[in-house]
C-alpha cells in the first residue's frame, strides 16, 4: 500500500464547505479542533449535556444533531457504533440531499448496514490510527497521527479529494495515510480488538496472573510480571519492531520466548482466530453486538462488573498507586 503525505492532499477541497462533527467525545473533540486550526469551518452537533457544554467552552457553534446535519455539507459521525443507526434515521437522514457527504472514522455502520445512505450522497472514511488525545497532541506538536481513508460512495467524483483534505486538516497526512476500503478497515479493526489487543491480551494477562497467584506467588509480583511490564515490551515493539525488542531484552528472555511461546499459543490458536474472522466477516458478531446493545447491554455490564472485582484489578490499583506523584 502506498503511503499518502501532505503533497498529495489539497485543503481547497474543503473551501466553502461546513463540516458538522456529530458527537464530541475524545475523537470528536480532537478532530474538530484540528480541522478548525487548519481553517475548516466546523460546527458541532450533539445533544444537551456535558459534551454540548464542552464544545461550547471550546468556542464551537453547537447545536442539535438535526440542525447540524441540515447546515453542513459534510456530516462526520463520531458516535458509538451501536448508536449510529438510530441517530442517522431520526436526525440525519431527513436532512440529506444530493451533493452532501457522510463521513465516519470506523466503517461499522456502513459495512453492517445500520446506515444505508442514499445513492446520491458521497460516503467517506477518515480514521486516525490513535486515540483522540494522541491525535490532538501530535497535531499541536506540528506532526500528525497516521491514519486511513476510504471512499465508499462517490457520485460527485470528488469524494477522495474531500477525504484527503479532511485527513490533511487533521494532520494525518503529516504522519502518513493509507487508502483502504471500509470493509477492510472494519473487519481488521474488529479482528485486532477481539483477538489480539483486547480479547487476546487481556485474557493472557489474567491467565498469567491467576496461574502465579494460584501457585502461591505474591499477587503484587504476579501483577508486575504479567500486566505492568507489558507496557515496557509493547513500547519496545512500537518503537522498533519485534526484532528490536528481542535485541534489548536478555538472552534468557528471548530464548524463553521461542522455548515456551508456541506451547502457550500453539498453532491451534491461529485456527480459532480464523473462525473469529469468519464471524466478523459474516456479520454474526455485529448482529450479536447490536442485539445486546438494543437490550441495554446487560451481558456487557455484567462482564464489566465482574472484571472490577477480579483480583488482577484490585491488586493493580494498589500497584498503580505506587507510581502516582504526590
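Each Cβ is built from the backbone N, Cα and C atoms, and glycine gets one as well.
Going through 107, 130, 132 against Swiss-Prot, the one listed in the NADP(+) site together with 24, 25, 26, 27, 47, 51 turns out to be 132.
Of the candidate recorded positions, 106, 193, 229, 250, the one lying closest to residue 25 (NADP(+) binding site) when CA atoms are compared is 106.
Spatially, by CA atoms, the binding-site residues 189, 225, 229, 250 include one closest to residue 47 (NADP(+) binding site), and that is 189.
Less than 8 angstroms from the CB of residue 193 (Mg(2+) 1 binding site) sit 199, each of them six or more residues away in the same chain. Listed in sequence order, the binding-site residues from 24, 189, 229 having a Cα within 10 Å of the Cα of residue 106 (active site) are 189.
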